[in-house]
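Listed in Swiss-Prot for this protein:
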BINDING   TYR13, TYR35, ARG104, ALA105, ASP106, LEU107, ASP108, ARG115, GLN116, TYR117, GLY118, ARG119, GLN125, VAL126  mRNA binding site
COMPBIAS  126-136  compositional bias 'Basic and acidic residues'
COMPBIAS  145-175  compositional bias 'Polar residues'
DOMAIN    32-110  domain 'RRM'
REGION    114-182  region 'Disordered'
Amino acid sequence: MASITRLDAVSPYLIRRFKNDLRALDAVKQSNCVYVGNLSFYTTEEQIYALFSKCGEIRRIIMGVDRFTKTPCGFCFVEYFENQDALDSLKYISRTSLDERIIRADLDHGYEEGRQYGRGASGGQVRDEMREEFDPGRGGYAKNRQPTSSRQLANYSGISSAPLGSSLELQSNPRYNRWKKN
């Protein structure tokens, strides 16, 4: 049998997070603050304002920044004046595209000082540190990804012999410089 899912409902993540605290879950349902994730590192506050203001009057936008470099790290908080505007943004804007990325929006219990900083070990978001693939909109490879020579050393350190005429030393690829005359 088919079912219909409400688009302005609290996410399964928040239900799991507040499963033992129904008061906190009810407070989130009445919140006028929206967490927006999966933003490009290059998305501006003006772009977010232009998109989210279509659902109601915005009180403020707080951009998430890297804890160390203070550069955008792919999330923000949008505070509306009314709860209904926040719910409308979940219905109409969540899972839409902004800067060629599908954004995620969810109700949030409210912004507090310090929450604008990424919580990952490298200063950004935790999910970016776990990413395996190259993502140009989120700064390329994950920040904790090892350089190629370190991975080669770990993968091939057990090899102790080589065919005659070859070497076991790791070779780095020289960078091609198109401006250098050969």
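Keep in mind that glycine also has a Cβ here, set from the backbone N, Cα and C atoms.
According to DSSP, the secondary structure content of the domain 'RRM' (32-110) in residues is 21 helix, 31 strand, 27 coil. Of all the Cβ atoms in the protein chains shown, 18 others lie within 10 Å of the Cβ of ASP106 (mRNA binding site). Reduced to three states, the DSSP call for TYR13 (mRNA binding site) is helix. Cβ neighbour counts within 10 Å, taken over all protein chains shown, single out ASP108 as the most crowded of the binding-site residues TYR13, ARG104, ASP108.
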